[in-house]
Amino acid sequence: MPKPGELTFVAPRGAKKPPRHIADLTPAERKEAVAATGEKPFRAQQLSQHYFARYAHDPAEWTNIPAGSREKLAEALFPDLMSVMRHISCDDDTTRKTLWKLHDGTLVESVLMRYPDRVTMCISSQAGCGMNCPFCATGQAGLDRNLSTAEIVHQIVDGMRALRDGEVPGGPARLSNIVFMGMGEPLANYNRVVGAIRRLTDPEPDGLGLSQRGITVSTVGLVPAMLRFADEGFKCRLAVSLHAPDDELRDTLVPVNTRWNVREVLDAAWEYADKSGRRISIEYALIRDINDQAWRGDRLGRLLKGKRVHVNLIPLNPTPGSKWTASRPEDEKAFVEAVAAHGVPVTVRDTRGQEIDGACGQLAAAER
């Protein structure tokens, strides 16, 4: 467990590197990898079709590839990357948490949430998190390692397969939104997260053919990475986990604020908004008697007034053994009114999955 305020930007050394998987590779790299096995390069397109369009990673399902070639190609590009340990459901089975065991025994989780008009999937980008926010169960557990691009992508592929096969009831049969809000700080695993976004949004069969506009990437405020992300040309939404409008409190709640303060983080966010044309989501966990005062809502509204922004207030999810708890209803209402008084759009998030430790901030608490 990290010390209070301690930050980990680089994953610990010594972790066994995940094996190479087709989802780690660009279309050109897939052709090279297939050719290296002695097979014709066009097999790469067939494999991509099976994985990204049919969600099939079992060679037995690759019926358009000769049986003698399947094992060789599977060994080269479809290693046993991760396996489902268990699924846990709630909300009449429309919310499902998946506990994954990675190739090295590391555990991560994803959450699939099906609504009448949309389907959202919350995915992990790291095993653990090095940002050490004191109210977040994942942050308190520390960082084990970064996930590979394929380990990130496979969470979504499995979710899309589950929807297609009717494993999660109700609502549309295709993912609408993907949020990088599970375990980890996405921008601390920059290259692999960017690679995952490309696989998710490349047209089928090179990728999953999802819309960039349906993807949200969260960050606690790694300013250099935010500025770099602004230059990628993505149309994803950027969500900034702010949690306090003043540096004095944010230094405590979000320790990375001691590196890049509120003003620097917001300036980087506005640059992303300008370059992407997307409004910024400000994530703010309301914590009783800590950051939920109406005057802080007023200060937040003043900071954000006139900007391309939306404030997403999050009732704090209870974590076993934590001193932190959710705001009183009357304090939440006063905070909302204080922000809205400045013309800033603000809503309170519908939190799902609390009973299965699946909501934001709880993904590591039950397994560590």
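The backbone N, Cα and C atoms fix where each Cβ goes, and this holds for glycine too.
These features come from Swiss-Prot:
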type: ACT_SITE; residues: Glu109; note: active site, proton acceptor
type: DOMAIN; residues: 115-355; note: domain 'Radical SAM core'
type: DISULFID; residues: Cys122-Cys360; note: disulfide bond
type: BINDING; residues: Cys129, Cys133, Cys136; note: [4Fe-4S] cluster binding site
type: BINDING; residues: Gly184, Glu185, Ser218, Ser241, Leu242, His243, Asn317; note: S-adenosyl-L-methionine binding site
type: ACT_SITE; residues: Cys360; note: active site, S-methylcysteine intermediate
Cα within 10 Å of Cys122 (disulfide bond) - qualifying recorded positions among Glu109, Cys136, Glu185, His243: Glu109
Neighbourhood of Cys133 ([4Fe-4S] cluster binding site), C-beta criterion under 8 angstroms, separation at least six: Gly139, Val220, Ser241, His243, Leu253, Val254, Pro255
Entry from the recorded positions list Glu109, Glu185 having the most other CB atoms no farther than 10 A: Glu185
Rounded distance in angstrom between the Cα atoms of Asn317 (S-adenosyl-L-methionine binding site) and Cys136 ([4Fe-4S] cluster binding site): 9
Which of Ser218, Ser241, the listed binding-site residues, has fewest other Cβ atoms within 10 Å: Ser218
Mapped DSSP class for Ser241 (S-adenosyl-L-methionine binding site), helix or strand or coil: strand
Overall pLDDT of the domain 'Radical SAM core' (115-355), taken as the mean: 95
Neighbouring recorded positions, C-alpha within 10 angstroms of Glu185 (S-adenosyl-L-methionine binding site) - of Glu109, Cys129, Cys136: Cys129
Cβ neighbour count within 10 Å of Leu242 (S-adenosyl-L-methionine binding site): 28
Cβ neighbours of Asn317 (S-adenosyl-L-methionine binding site) where a neighbour is any other Cβ within 10 Å: 23
Minimum Cα separation from Gly184 (S-adenosyl-L-methionine binding site), reported as the residue among recorded positions Glu109, Cys129, Cys136 that achieves it: Cys129
Neighbouring recorded positions, C-alpha within 10 angstroms of Cys129 ([4Fe-4S] cluster binding site) - of Glu109, Ser218, Leu242: none
